[in-house]
Amino acid sequence: MSKQRIYEYAKELNLKSKEIIDELKSMNIEVSNHMQALEDDQIKALDKKFKKEQKNDNKQSTQNNHQKSNNQNQNKGQQKDNKKNQQQNNKGNKGNKKNNRNNKKNNKNNKPQSQPAAPKEIPSKVTYQEGITVGEFADKLNVESSEIIKKLFLLGIVANINQSLNQETIELIADDYGVEVEEEVVINEEDLSIYFEDEKDDPEAIERPAVVTIMGHVDHGKTTLLDSIRHTKVTAGEAGGITQHIGAYQIENDGKKITFLDTPGHAAFTTMRARGAQVTDITILVVAADDGVMPQTIEAINHAKEAEVPIIVAVNKIDKPTSNPDRVMQELTEYGLIPEDWGGETIFVPLSALSGDGIDDLLEMIGLVAEVQELKANPKNRAVGTVIEAELDKSRGPSASLLVQNGTLNVGDAIVVGNTYGRIRAMVNDLGQRIKTAGPSTPVEITGINDVPQAGDRFVVFSDEKQARRIGESRHEASIVQQRQESKNVSLDNLFEQMKQGEMKDLNVIIKGDVQGSVEALAASLMKIDVEGVNVRIIHTAVGAINESDVTLANASNGIIIGFNVRPDSGAKRAAEAENVDMRLHRVIYNVIEEIESAMKGLLDPEFEEQVIGQAEVRQTFKVSKVGTIAGCYVTEGKITRNAGVRIIRDGIVQYEGELDTLKRFKDDAKEVAKGYECGITIENYNDLKEGDVIEAFEMVEIKR
């Protein structure tokens, strides 16, 4: 039987749709409206119910038809009485129709009343989501909302049907009904970090190649070392391929692959970490044997330590006559990097990137450190990873270099990359070869996304392209909203508030000073500050001006910068404003300690400075009883505002300082009066105004620290 709508079925039986709906509801069948389609079993049930009425209607109709037929037979051949009989027949038919209507009406009235639905049983267990309302919880328990509201009232809670319930209240009410409750954890699919899991406990996880970043001071041989490793380990078959610069490359050593990130120094490393990406497994710190520890070397050490990544020191340029590897080891011990030969845990490898000496030893050490770390991934999982580089190519459109961290990436996969999305059209490896799949720790360049992502953005593959599009668009909209909001980086002004909310455990501090002695003294003094709830943690100290790299580190570590007798350069100023990084510049150590200690205790009062906003000359005075002296004034400079502080100046000497009482233009109150206009002014608690006096208006403006 084909599906019928309720109104069609009612029309067939010459009934109202409401009667059918009422009957369905009495059968505990949910009905939304008369347009709802009826299932076969529902039609059968309705047929049984209305069968008697239908039979009665049919029987009555048959009798009427039979009577009409007899009348027609009797009228044959009787021409004279035709009209009379016809009129009688018509009357009879009208009477029959009337009877039919009465019968139907009686049938409707005699129809059995629908029985009220039996109350539903209270379930033994229900699940709920955070923020569930009284009405929603009542529906889950199959009880009236008024019952829940009564129970809440007995608990001392006045609530309505739309009131949200907390976990404790839900458990109390459920316990009263003997129902077990369980909270549903709603997973935000737009948060890509939930797809990144530790694979060590996965039984199907297998060993993956280590990801290595090379950092160090300028001209210490980072690029030469990268080139030397690459050229030493590229096989004959690969040598013919055109090298594709995708920000990373893979080599093979003793049957095991190693992935090197070819990033421009530690700035990119920190930028990626600031976006939440942790891609590096091992850091190679390159130090020239003839130059020793330099400022960028120290920065690289601090960046690697902040990321909690193991460090292998590569002492380069040992083939130079002026090289002194022992001096390098000695200098690095000051920064916690103690060689294994001296009883420490840091691996030192002397090498020459130019000649290739020691390269094999370095690769062997990388393999050992990777083995200890037990780096694993599951190639069968969905592909997830991080963006290394991204650009807009004129011919290919947006492209991104990705590092696959888990799972296997395939051409044709629907992907979300940061706030962008798309379907992978093509995939190229570091040798410029087109590939179809890429496993864990493999760097690839892809095309097919709708926009250019940022370095450090995460990517996740989804099975459905519509889902990827929806998530990508939602993330893009959310990022626009987030950019409009102020950054939540810590500052001394909001430090105590973050401490109260439990957001701050450590106050990360970067100290830059004019001389090493001052820097060390300041660091030691700050470490002695003892405030319950937060610790001062010095993450970087150096001599010299505050630079952009310091701001980048502070932003990544959610820290502040203290400059002692030094100033930030132009790049650092711009970066600090863009990232909302707090910089404090001081000349006295005591002031630094006092300011930070006060901030940690929540006692840091805002500083204000006075700003003169206008002057008015008293042209005439009027004495009014119960009001005092009214000064008719002319604004000569700036403006006079109603909420401003004022001082009365006579012959260059301040006579009084206080507040405005009234400010009027003609007879109307005014919020402000600009230069060139006249106004009437009264001063609170001061009536000794004279012609020629100058009323100076000022405001107290908070100094931005």
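Cβ from N, Cα, C; glycine included.
Note that the structure is predicted; figures quoted are calculated from it, not measured.
For reference, Swiss-Prot has these:
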- 40-124: region 'Disordered' (REGION)
- 41-58: compositional bias 'Basic and acidic residues' (COMPBIAS)
- 59-77: compositional bias 'Low complexity' (COMPBIAS)
- 94-108: compositional bias 'Basic residues' (COMPBIAS)
- 207-376: domain 'tr-type G' (DOMAIN)
- 216-223: region 'G1' (REGION)
- 216-223, 262-266, 316-319: GTP binding site (BINDING)
- 241-245: region 'G2' (REGION)
- 262-265: region 'G3' (REGION)
- 316-319: region 'G4' (REGION)
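Through the fold, the region 'G1' (216-223) approaches residues 265, 285-288, 291, 294-297, 300, 314, 316-317, 353-354 of its own chain, all at least 6 residues removed from its boundaries and within a Cβ separation under 8 Å. With helix defined as DSSP H, G or I and strand as E or B, the region 'G4' (316-319) counts 0 helix, 1 strand, 3 coil.
Shown are the binding-site residues GLY216, ASP219, LYS222, ILE318; of these, the residue with the fewest other Cβ atoms within 10 Å is ASP219.
Mapped onto DSSP classes, the region 'G1' (216-223) shows 2 helix, 1 strand, 5 coil.
Averaged over the region 'G4' (316-319), the predicted model reaches a pLDDT of 90.
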